[in-house]
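*Asks:* First the structure, then my questions, so here it is.
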Amino acid sequence: MGHILAIDQGTTSSRAIVFDAAMQIKATAQEEFAQHFPNSGWVEHDASDLWATTAGTCRAAIEKAGLAPGDIAAIGITNQRETTIVWDRKTGEPIYRAIVWQDRRTADYCRQLRDAGHDALITARTGLLADPYFSGTKLKWILDNVDGARDAARRGELAFGTVDSFLIWKLTGGAAHVTDATNAARTMLYDIHKGRWSRTICDLFDIPMDMLPEVRDCAADFGMTRPDLFGRPIPILGVAGDQQAATVGQACFAPGMMKSTYGTGCFALLNTGNTAVVSKNRLLTTIAYQLDGKPTYALEGSIFVAGAVVQWLRDGLQIIRHARETQALAERADPTQNVVLVPAFVGLGAPYWNAECRGAVFGLTRGSGPAEMARAALESVGYQTRDLLEAMQADWAATGAEPTLRVDGGMTASDWSMQFLADIIGAPVDRPVMAETTALGAAWLAGQRAGIYPDQAGFAANWALDRTFAPQMDESLRTTKYAAWKRAVAATMSF
Ligand SMILES: Nc1ncnc2c1ncn2[C@@H]1O[C@H](COP(=O)(O)OP(=O)(O)O)[C@@H](O)[C@H]1O
Ligand SMILES: O=P(O)(O)OC[C@H](O)CO
């Protein structure tokens, strides 16, 4: 006993991490799976791959840790959010591939929603925008396009779930059809103020409500795993969407605390306490976590391309072989050149929400080369974060609080990027010792429910700083550079 197994089911890989009683990592297993792009702007996963890699990495991590299933006190799950799965309740088989959060196939329908003036209702109930990013219109698409799906759903034969919900169904052998409030908050079907599915929005999308899972707190009883899976039933006691789990893992428990995660994309969440702040700057209102029936709200800024721009330097431009090489390149970039890269590869997320524009590079000279491109790529992540922070500060100004920024995710390994981030936002950036904050958040939710991890205050006290990046850039340079970025974004959107 005394160990927690955290499942982190992400966009490109599934991971399982065993944490010991002191919340330290004992073993990790990771497996990638195929991405399917059947049409322009479409992104799908085979739900059976998500399940197979999850089950496989769980077994591998337990084995690597040298533990028996009996040593695992509980499971915590965190997952890529919004990704939409519909399955047959009898067989547990998905009726269509998982439609991934990045998928834009419902852009036209979202435009119709906006043209018909339904966006105000959607924002008022769900805190979200009428954008294809969220699950609701993806679920409607499946019901509209898979033969007989809506009738089967009306007969109660089909279940809908985000990835957490599908995994729990599989883990429990179909005994539990549940989700948590943070995942529900990303579906565009959930009233985040009333804490229940919105009948009005389900009716608008013609979604039979019987398909929807039951919504629980983030630390709750989500069911027991099938006895044959790990040799013994293990309780699932914690669930949160990955960005919310990182908010918990970073111990952003007080209003005004903020974390920003730099993986493929970047997602910044600002804790706004028990107030669901309505953004005037096109940020999302969401649930950061829900404990003891009480939701804690957050403002969220979502950027679709952060570390992905580094992947593009590697796989698209092929000017680097490893992500870490960007550091040395950026260091030797010509300081007199001002190359600006707007990485709108799939349009722009918050605060612009422009699905149609595509990326652009400005300020090229005859002397521009890989070094200037690498620096521009890393800088684009800092500029986009500043866009989010400015929007957040405008929405959060009422309290006068200056949010402190805690960062995590693969790209925070880049000291150069973190220094530029501090420079361009003009505020300190704190990087913790624990790199796996997302998995830790899920583990803590399950572990404190199991009674082996400390309470919220004890957990927060455990947060340890690796390094603070203090702003060093001259104020006038900071202003000039950011003004150039804003001009570049405006030009990109009007191209
Ligand atoms: N040293 C580095 N410098 C710049 N970017 C990096 C570095 N190391 C990793 N990255 C970027 O971080 C991302 C991976 O982070 P990760 O948190 O694992 O993402 P995800 O969970 O979205 O797959 C990749 O896009 C990669 O390009
Ligand atoms: O799987 P990640 O880490 O890319 O996170 C995806 C987000 O949850 C999408 O909203």
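The backbone N, Cα and C atoms fix where each Cβ goes, glycine too.
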*Asks:* Taking TrEMBL at its word that Thr11, Thr12, Ser13, Gly307, Gln311, Gly410 bind ATP, choose the one of Thr54, Thr57, Thr264 listed for that site.
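*Replies:* As annotated by TrEMBL, Thr11, Thr12, Ser13, Gly307, Gln311, Gly410 share the ATP site with Thr264, chosen from Thr54, Thr57, Thr264.
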*Asks:* How big is the Cα-to-Cα gap, in Å, between Thr11 (ADP binding site) and Arg81 (sn-glycerol 3-phosphate binding site)?
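*Replies:* About 9 Å separates the two Cα atoms.
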*Asks:* Of these binding-site residues, Gly307, Gly410, which scores lowest on Cβ atoms within 10 Å?
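*Replies:* Minimum Cβ neighbour count within 10 Å, taken over the binding-site residues Gly307, Gly410, occurs at Gly410.
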*Asks:* Cβ within 8 angstroms of the Cβ centroid of Thr11, Arg81, Glu82, Tyr133, Asp242: which residues besides those meet this for the sn-glycerol 3-phosphate site?
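*Replies:* For the sn-glycerol 3-phosphate site, the extra neighbours are Asn79, Gln80, Thr83, Val100, Trp101, Arg186, Gly241, Gln243.
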*Asks:* I'd like to know which of the binding-site residues listed (Glu82, Asp242, Gln243) lie near ligand 1, counting only a CB under 6 Å away.
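*Replies:* Not one meets the Cβ criterion.
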*Asks:* When you rank Ser13, Gln243, Thr264, Gly307 by Cα distance to Arg81 (sn-glycerol 3-phosphate binding site), which of the binding-site residues ends up on top as the closest?
*Replies:* Gln243
